[in-house]
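Visitor: The annotation ATP binding site is assigned in Swiss-Prot to 138-193 on the grounds of sequence analysis. The Mg(2+) 1 binding site feature in Swiss-Prot is assigned to ASP262, GLU275; the stated evidence is sequence analysis. Among the features that Swiss-Prot reports, Mg(2+) 2 binding site is placed at GLU275, ASN277, with the record citing sequence analysis. Taken from Swiss-Prot, the feature domain 'ATP-grasp' applies to 108-308, supported by sequence analysis.
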Amino acid sequence: MSGIDPKRFGKVAVLLGGDSAEREVSLNSGRLVLQGLRDAGIDAHPFDPAQRPLAALKDEGFVRAFNALHGGYGENGQIQGALDFYGIRYTGSGVLGSALGLDKFRTKLVWQQTGIPTPPFETVMRGDDYAARAQDIAAKLGVPLFVKPASEGSSVAVEKVKSADALPAALEEAAKHDKIVIVEKSIEGGGEYTACIAADLDLPLIRIVPAGEFYDYHAKYIANDTQYLIPCGLDAAKEAEFKRIARRAFDVLGCTDWGRADFMLDAAGNPYFLEVNTAPGMTDHSLPPKAARAVGIGYSELVVKVLSLTLD
């Protein structure tokens, strides 16, 4: 374990649940985080902001929080700003990094300006002429394409579109979840990878091989036939290079401490970064625990390591 006296952490809230589309994932993550912290002797308690006012954190003597909320106000900077206001230390990125990290549109704009490779894309606004935009986008980017709401996580409402005819319906569905929709060229041929970032830990890349078309919500949290390859199959030099780019992709957004950066490789082995996750899932299907386990770090040790960053 970390060797840190559990009493140093004081009273810790595990923020879980919330009211986003990822509530169930957050509840599952939070329960495991709570148990992991308690296993280490830390005075940790569950706290669902959808059911209790945040002011109760201060009133009840909490001094720090492990943020296991996913999506919505738990990941877009709002909860971070509130915790800053109440003087409660918390895991993960601050207001700016959280807000940018959840916004795929602005993430890609920052990456384009800072030299981080990301797939070509177009944006569609809710209420646009979806049929007309679909024709224009298919002509520019070709197919297949990924359609995704700009600010949802866990692949909520993400659809892979293989024909221009299917694009208008996918745009309409994604626009129900966000006023900005990203339409991204599908990068094919080299596979999907994730880089897990946790302070100074050197965690291995994971190659993700879903049984279906792509790594969607079902593949992430329900299916048992998704393959997670560790080691990922890349040579050591390539893996080190992609981890370095992933860390920079994280840093240029103002993200800190821990999270995940997801990317695809094309047939030539070139990386294209898709998104970061500043409050990654911590369920039994989630990637950070898998990466940590591969280098001998157990679940409880990992969550204590993440929480220990709030002591700095």
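Glycine too: its Cβ is placed from the backbone N, Cα and C atoms.
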Visitor: Quick one: of GLU159, GLU173, which of the binding-site residues has the smallest count of other CB atoms within 10 A?
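Guide: Checked GLU159, GLU173; of these binding-site residues, fewest Cβ neighbours within 10 Å: GLU173.
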Visitor: When you rank GLU159, ALA166, GLU173 by Cα distance to GLU275 (Mg(2+) 1 binding site), which of the binding-site residues ends up on top as the closest?
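Guide: In terms of Cα distance, GLU275 (Mg(2+) 1 binding site) lies closest to GLU159.
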Visitor: Using a Cβ cut-off under 8 Å and a sequence separation of 6 or more, which residues in the same chain sit near LEU145 (ATP binding site)?
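Guide: In sequence order, the residues whose Cβ lies under 8 Å from that of LEU145 (ATP binding site) (at least 6 apart) are ILE137, ALA138, LYS160, VAL161, LEU167, VAL183, GLU184, LYS185, SER186.
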Visitor: I'd like the number of other C-beta atoms within 10 A of the C-beta of ALA166 (ATP binding site), please.
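Guide: Excluding its own Cβ, the number within 10 Å is 18.
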Visitor: 10 Å Cβ neighbour count around ILE187 (ATP binding site)?
Guide: 23
Visitor: Would you count the other CB atoms within 10 A of the CB of ALA138 (ATP binding site), including those on all shown protein chains?
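Guide: Looking across every protein chain shown, the total is 19.
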Visitor: Based on Cα coordinates, which of the following binding-site residues are within 10 Å of ASP262 (Mg(2+) 1 binding site): GLU159, ALA166, GLU173, ILE187, ASN277?
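Guide: Candidates kept after distance check: ASN277.
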Visitor: Using C-alpha atoms only, work out the spacing between GLU159 (ATP binding site) and ASN277 (Mg(2+) 2 binding site) and round it to an integer in Å.
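Guide: Taking the Cα atoms only, GLU159 (ATP binding site) lies 19 Å from ASN277 (Mg(2+) 2 binding site).
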